[in-house]
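J.: Okay, here's the structure, questions in a sec.
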Amino acid sequence: MAKNTDRICFLVLRLLAFGATLSAAIVMATSHERTTYLSLSIEAKYSHTPAFKYFVIANAIGSAYSLLLLFLPSHGSLWPLVIASDVVITMFLTSSISAALSIAYVGKKGNSYAGWLPICDQVPNYCNHVTGALAAGFIGVVLYMVLLQYSIYTKCCKSSS
């Protein structure tokens, strides 16, 4: 019974992580807005920022990884590799959200020392999309951290007792 409970919990966490990272990638990849400000055409798009591209790629990889692991048998010799891969994916997602958050902050607040003006007043829909993507990405990172802890606990601690 404990094995079934562990497997169900693992599947639920993986599905949630898959959903969060896939949502983050899709919402960020579809963020786009064009407006005119003082007779200048402004286009805001995720692909104009390397940090946002990195965020989309990292979340797409994280969601594909979670989807693949849903089909991995719960017993086998691959689990030490899965735990190591979970660490890599968790850190990958953490670095991508950190990079994206720093750019989003500059977009929202600007940087008076560098002379960069905030853009969210001119392209609010774009900023709302980015905020939603970052929220989903943060949820994905938290889920991956929980998943990593759960995997370590079930595969290392429970198997030794």
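Using N, Cα and C of the backbone, Cβ positions are placed for all residues, glycine too.
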J.: Would you say whether Swiss-Prot puts Asp86 on the same side of the membrane as Thr131?
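T.: Each on a different face of the membrane, per the record.
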J.: What same-chain residues lie close to the topological domain 'Extracellular' (108-131): Cβ under 8 Å, and 6 or more beyond its ends?
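T.: That would be 27-28, 30-33, 35, 37, 42, 44-46, 52, 100.
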